[in-house]
Amino acid sequence: MPTMLPLWLLASLLAVSQALPFEQKGFWDFTLDDGLPMLNDEEASGAETTSGVPDLDSLTPTFSAMCPFGCHCHLRVVQCSDLGLKAVPKEISPDTTLLDLQNNDISELRRDDFKGLQHLYALVLVNNKISKIHEKAFAPLRKLQKLYISKNHLVEIPPNLPSSLVELRIHDNRIRKVPKGVFSGLRHMNCIEMGGNPLENSGFEPGAFDGLKLNYLRISEAKLTGIPKDLPETLNELHLDHNRIQAIELEDLLRYSKLYRLGLGHNQIRMIENGSLSFLPTLRELHLDNNKLSKVPSGLPDLKLLQVVYLHTNNITKVGVNDFCPVGFGVKRAYYNGISLFNNPVPYWEVQPATFRCVTDRLAIQFGNYKK
């Protein structure tokens with residue numbers, strides 16, 4: 001007993017002396033692999049508290065003695081990553097706001113795993129072995145806004161997701177089906193990342209996205225052969241890169257008039273039907289690189305806000321003088337600041353300078369480097 005008091009005093013002094021805030025190494029590194037800036041949640045979700053991080057002014061240190069063995073706990077952040085855990089640990093403080101359980105061996109989420117964690121804002125379960133989730137596992141998480149459960153063994157989207165959820169990242173699992181109603185009641189959701197799953201077009205049931213008002217949706221690295229039907233018409237960003245899409249037909253983009261970024265790179269697109277792009281009046285970025293296009297898509301000059309077009313690594317053999325810019329002046333509201341055409345069999349010396357009359361700077365045009 002005589003040695004216990006000094007150890008207790010030392011622990012207290014160490015706790016009080018933590019002047020610098022806790023730095024979570026790599027905590028938010030499960031974002032998009034192309035580094036595109038995310039919309040902040042306040043822009044569209046309507047949730048009461050939807051900022052990118054919790055209000056740190058309200059996160060006063062509790063110095064609670066409750067901290068799972070081997071974990072690091074501070075400022076309501078509980079970090080239990082890379083510990084070889086087989087299950088969600090017990091003795092997690094009820095005032096925890098961020099719980100990091102990535103890079104463990106958790107295979108199941110049980111009914112009471114998150115019991116009492118009614119203040120949890122972000123839950124990170126990336127890179128585990130989760131294949132089973134109890135239907136009421138997330139029931140206590142009434143304030144959860146960020147759920148990162150990518151790189152697991154899930155074959156379906158978890159049932160009964162918290163109605164407060166704003167962002168769901170569930171990419172790199174084994175999901176083949178998105179049933180109708182799986183997202184019902186999620187009126188605050190504005191971002192879903194579900195790429196890297198073996199999803200085919202037939203895997204989306206009619207009405208699968210009913211009720212969602214998403215800003216951002218990513219279904220890259222799947223098995224899509226066309227643009228899925230009935231995606232939320234509120235979308236600002238749609239990323240379908242690294243699929244097997246072969247054509248864009250007239251009706252494919254009809255309902256997505258609010259898109260400002262469309263990613264279709266690394267597909268097998270040979271044809272874009274005339275008029276298809278006319279349904280995207282607010283489009284700012286268009287990614288069509290690494291496809292099989294033989295010409296510049298028609299309709300680009302009519303997209304008054306378009307600023308970036310990726311067309312590199314296609315089969316384009318000719319670039320016309322009016323392929324990018326409208327005829328006349330005062331029609332285009334935003335000049336291009338990026339056009340990539342490199343790695344196409346275009347005789348660049350035949351391209352007229354006037355072709356790029358609506359580009360901010362000649363350095364914004366990327367030509368050359370074609371190899372047969």
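From the backbone N, Cα and C atoms, a Cβ is placed for every residue, glycine too.
Each of Cys71, Cys73 is a candidate, yet TrEMBL gives the disulfide link of Cys80 to Cys71.
The record in TrEMBL lists a disulphide bond between Cys67 and one of Cys73, Cys191, namely Cys73.
The two recorded residues, Cys67 (disulfide bond) and Cys80 (disulfide bond), have Cα atoms 10 Å apart.
Listed in sequence order, Pro301, Lys332, Thr355, Phe356, Arg357, Cys358, Val359 are the same-chain residues at least 6 apart in sequence whose CB falls under 8 Å from the CB of Cys325 (disulfide bond).
The CA atom of Cys73 (disulfide bond) is located 9 Å away from the CA atom of Cys80 (disulfide bond). Among the listed disulfide-bonded residues, namely Cys67, Cys71, Cys73, Cys80, the Cβ with the most fellow Cβ atoms inside 10 Å is that of Cys80.
When Cβ atoms from all protein chains are considered, those within 10 Å of Cys358 (disulfide bond) total 18, not counting its own.
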